[in-house]
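**Student:** Structure provided below as structure tokens; questions to follow.
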Amino acid sequence: MGYYSIAYSRRMHQKILILDFGSQVTQLIARRIREAHVFCEVHPCDVTDDWVRDYAKDGNLKGVILSGSHASLWEDETLRAPQAVFELGIPVLGICFGMYAIAAALGGKVEGGHKREFGYAEVRARGHTKLFEGIQDYATPEGHGMLHVWMSHGDNVTEMPPGFKLMASTESCPIAGMADEERRFYAVQFHPEVTHTKQGNAILKRFVLDICGTRPDWVMGDYISEAVEKIRQQVGDEEVILGLSGGVDSSVAAALIHRAIGDQLTCVFVDHGLLRLNEGDMVMDMFVGKLHAKVIRVDAAAQFLGHLAGVNEPEAKRKIIGREFVEVFKAEAASLKAGGADVKGAKWLAQGTIYPDVIESGGAKSKKAVLIKSHHNVGGLPEQLGLKLLEPLRELFKDEVRELGVALGLPHDMVYRHPFPGPGLGVRILGEVKKEYADLLRKADAIFIEELRNFKDAESGKSWYDLTSQAFAVFLPVKSVGVMGDGRTYDYVVALRAVQTSDFMTADWAELPYALLKKVSSRIINEVRGINRVTYDVSSKPPATIEWE
Ligand SMILES: Nc1ncnc2c1ncn2[C@@H]1O[C@H](COP(=O)(O)OP(=O)(O)OP(=O)(O)O)[C@@H](O)[C@H]1O
Ligand SMILES: O=c1[nH]c(=O)c2[nH+]cn([C@@H]3O[C@H](COP(=O)(O)O)[C@@H](O)[C@H]3O)c2[nH]1
Ligand SMILES: NC(=O)CC[C@H](N)C(=O)O
Ligand SMILES: [Mg+2]
């Protein structure tokens, strides 16, 4: 899969180039810039000088941002900014590792082994530079402007390159920002792209709008027309099959692709035996009427459960599920007989892959980010797919996908459903997956969701389903002792999980009312024979993840 780019936007819009060194938050830079209505693209940091010059040649490139990285400069010599970036005569902003990349390219010095700073910090910002002018959280009695920021680094710039002046400092990091205002090169040690940096948006806007001078003329409506045009160009008259789960992302992807190519699209909904209670029927009901697209339902429960038998390790399970999905898609693609007699099956596989799936699978542009878990649709895909991938949402965050869904006219209920992971109950049954466990979990999960919908918050009038971003039950394959009807029980445990988040990259556990937890626990223990204990998960992400595997 190549990087994401839209030929049409490149012609029409002024743009910012983000070079990705593999930070977990690179895409947040892009997102903040999109929020400022400026078109931007993320590309890997190891593009060549010729590529950069070619990219800039139409005159629309107005600035370059160099991202952070998990690595250190001396660990990986491929992590360098192309020299051409500094020769275009346009502004450059380096963030964290990006600041080291500037120092390395222009004759400064970077060293490790100094004080590490992770999390909140206070930075003294020098207001005389254009980047910070008039931007501060508060002023000290001496009149110094201060910023509340988020830091995540172990290395430091210890000598600025010639021509640079100090722009910011913290107690433990004397050079926390530097600028060569003549050449319009800026660098900050902290991360303006994360929301914990309070003035982060203001700083990025200052860079993009004032320093680079881009026109803020990019909106979600453009995204639709540009994506539609790009899909048509990519696909031509070939057939596409799309993995439809009934979730938000694949529904939005289906609507977008359907708008682009109509009947060349066939949706394939896979029932792998790890869906929630009655989900298969619900998805078919919802799609066959509402989406006006062709939908095929494939019953593959025996195939998935067969291959998962005896497998305990989460990554191994994810890989198997990813592989079996592809087996199903390939078989459906090959047997597709749409269109005229000369159509030999589908050439494309479309998925509703979104950015957090990509980054957590360690599959960001530069392939430099680390692996957290292989989302079945990214890291779980086999090397030899045999189909071309079409993933129009690959660069968007969940809330942007929802915004797109609304703009495409999808029903509110569909767009605001809680997400459900492709591997389904497969990653919510810890260890080996068995049908018996899945059946118990389905019942417990359905009770939890039903009560979340029933319970309304007095203040806002909203249901707890709407007040949480994702909620589900997890099956723990351990047994504990209980007493029921004066008899002894020795049965399984489920954990309830409910989180609140906007982008699913970080999440807080939800403070559900005790009355709700009480009702759910009592109903599960009474109604689901085989479960005698219910617990509530009070871990945030990070350091936990949302799913248990
Ligand atoms: N049961 C399924 N049948 C077919 N394709 C699926 C199935 N489950 C997942 N997929 C594919 O994998 C992709 C990723 O799944 P994921 O759960 O992240 O997205 P989603 O289901 O579309 O949306 P949501 O995150 O709201 O659940 C989907 O967009 C879809 O293309
Ligand atoms: O389609 C998916 N395929 C997967 O393999 C997968 N793993 C996690 N998730 C969903 O991603 C979000 C973040 O989950 P984690 O905090 O567990 O990584 C949560 O919304 C998870 O439900 C997946 N979705
Ligand atoms: N967030 C970053 O870019 C960190 C860069 C580098 N890994 C450091 O520790 O300093
Ligand atoms: Mg899903």
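Any Cβ shown, glycine's included, is placed from N, Cα and C.
Annotations in TrEMBL come from automatic prediction, not curation.
These numbers come from a predicted model, not from an experiment.
Reproduced below are the annotations present in TrEMBL:
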ACT_SITE  C96  active site, nucleophile
ACT_SITE  H191  active site
ACT_SITE  E193  active site
BINDING   S245, G246, G247, V248, D249, S250, S251  ATP binding site
DOMAIN    218-417  domain 'GMPS ATP-PPase'
**Student:** Which binding-site residues from the list V248, S250, S251 come close to ligand 4, meaning a Cβ under 6 Å from one of its atoms?
**Tutor:** none
**Student:** Given a separation of at least six residues and a C-beta threshold under 8 Å, show me what packs close to S250 (ATP binding site) in the same chain.
**Tutor:** L242, G243, L244, Q351, G352
**Student:** Which one, from the recorded positions E193, D249, has the smallest tally of other C-beta atoms lying within 10 Å of its C-beta?
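**Tutor:** Least crowded of the recorded positions E193, D249, by Cβ count within 10 Å, is D249.
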**Student:** Give the sequence-ordered set of same-chain residues, not counting S245, G246, G247, V248, D249, S250, S251, with Cβ within 8 Å of the centre of the Cβ atoms defining the ATP site.
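**Tutor:** So the additional residues around the site are L244, V252, A253, G352, R417, P419, F420.
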**Student:** Nearest by CA distance to C96 (active site, nucleophile): which of the binding-site residues is it, out of S245, G246, G247, D249?
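**Tutor:** Closest by Cα distance to C96 (active site, nucleophile) among the binding-site residues S245, G246, G247, D249: D249.
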**Student:** Just to confirm: which same-chain residues, 6+ apart in sequence, have a Cβ under 8 Å from the Cβ of G247 (ATP binding site)?
**Tutor:** G352, R417, P419, F420
**Student:** Can you tell me how far the Cα of H191 (active site) sits from the Cα of V248 (ATP binding site), in Å?
**Tutor:** 30
**Student:** What Cα-Cα separation, expressed in whole Å, is found between E193 (active site) and D249 (ATP binding site)?
**Tutor:** 24
**Student:** Would you mind sorting out which recorded positions among C96, H191, G246, V248, D249 put a C-beta under 6 angstroms from ligand 1?
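**Tutor:** The ones that qualify, in sequence order, are V248, D249.
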**Student:** For ligand 3, pick out the recorded positions C96, G246, G247 that have a CB under 6 angstroms away from one of its atoms.
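**Tutor:** What lies within reach of ligand 3, judged by Cβ under 6 Å, is C96.
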**Student:** If you count the other Cβ atoms within 10 Å of each Cβ, which of the binding-site residues S245, S251 comes out on top?
**Tutor:** S251
**Student:** Average the per-residue pLDDT over the domain 'GMPS ATP-PPase' (218-417) and send me the rounded value.
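**Tutor:** Per the prediction, mean pLDDT sits at 84 for the domain 'GMPS ATP-PPase' (218-417).
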**Student:** Hey, what's the Cβ neighbour count for H191 (active site) at 10 Å?
**Tutor:** 22
**Student:** Give me the non-local Cβ neighbours of V248 (ATP binding site): same chain, 6+ apart in sequence, Cβ-Cβ under 8 Å, ordered along the sequence.
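**Tutor:** Those within reach of V248 (ATP binding site), by Cβ under 8 Å and sequence separation of 6 or more, are G352, K398, V401, R402, G405, M414, V415, Y416, R417, P419.
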